[in-house]
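Undergrad: Before I ask anything, let me first share the structure, which is written out below as structure tokens.
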Amino acid sequence: MVKSHIGSWILVLFVAMWSDVGLCKKRPKPGGGWNTGGSRYPGQGSPGGNRYPPQGGGGWGQPHGGGWGQPHGGGWGQPHGGGWGQPHGGGGWGQGGTHSQWNKPSKPKTNMKHVAGAAAAGAVVGGLGGYMLGSAMSRPLIHFGNDYEDRYYRENMYRYPNQVYYRPVDQYNNQNTFVHDCVNITVKQHTVTTTTKGENFTETDIKMMERVVEQMCITQYQRESEAYYQRGASVILFSSPPVILLISFLIFLIVG
């Protein structure tokens, strides 16, 4: 009795294994496949509609009949039938055929106006014996003590300079010498430059110009002095023994 049961189970297992091998050896019929009665992948002839509707009959992900990832029938990654990476056919890698070269950035053109402007702002003026040109400032509102001069200044202030020439503050002993030199060179340079253009200055213009430039030179001195002391403080801080020791220890930890 036991032997008959064992024989029955062996027969059932044998039939099941044989059926499984037979199913594995069968080839899939054309048009049949996973979850559909059509192709192997979804989206190619599914009776219930495509999840990703095709655009011209190709493999999965082929909107126009090319290989995988070929929207217009080229090789892999060829959207319009050229070589790999050719968007519109023809040419070697990175060549766009009828279009410009693909993914090749154009060479930037140098703007000479920007170069000249960057060189002029804060640069050393060689023709003025090493003076530097400060940044542009708003012309100060100054009262000269009478209505005529106040009105004259408001009407002609655009003719006066809005930048000053100066040397580094460490070349002067105090603010007065800096301002005196700054006023002289700025007024002289502006007067000469403007006169060559056919415009003359009266004594009133020179008087007002000196007052305006003096205020701007004081402002320039304050800016330069603050920047100079900040640079000096940074140098002193990083040159102190505790800071040097700390930096050396950190470098040792990073390298080690």
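Keep in mind that glycine also has a Cβ here, set from the backbone N, Cα and C atoms.
Quick caveat, the model's predicted, so the values are computed rather than measured.
Here Swiss-Prot flags His64, Gly65, Gly66 as Cu(2+) 1 binding site. What Swiss-Prot records for His72, Gly73, Gly74 is Cu(2+) 2 binding site, and it gives similarity to another entry as the kind of evidence. Among the features that Swiss-Prot reports, Cu(2+) 3 binding site is placed at His80, Gly81, Gly82. Among the features that Swiss-Prot reports, Cu(2+) 4 binding site is placed at His88, Gly90, Gly91. The disulfide bond feature in Swiss-Prot is assigned to Cys182-Cys217; the stated evidence is experimental evidence. Annotation source Swiss-Prot lists GPI-anchor amidated alanine at Ala233. The region 'Interaction with GRB2, ERI3 and SYN1' annotation in Swiss-Prot covers 25-233. If you look up Swiss-Prot, you'll see 54-62 marked as repeat '1'. Taken from Swiss-Prot, the feature repeat '2' covers 63-70. Look at Swiss-Prot and you will find 71-78 tagged as repeat '3'. Feature annotation from Swiss-Prot assigns repeat '5' to 87-95.
Relative to the rest of the structure, where do these features sit?
TA: With a 10 A radius on its CB, Cys217 (disulfide bond) counts 24 other CB atoms from all the protein chains.
In this model, the region 'Interaction with GRB2, ERI3 and SYN1' (25-233) carries an average pLDDT of 68.
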Undergrad: Let's check the environment of Cys182 (disulfide bond): how many other CB atoms sit within 10 Å of its CB?
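TA: Summing over all protein chains shown, Cys182 (disulfide bond) has 24 other Cβ atoms within 10 Å.
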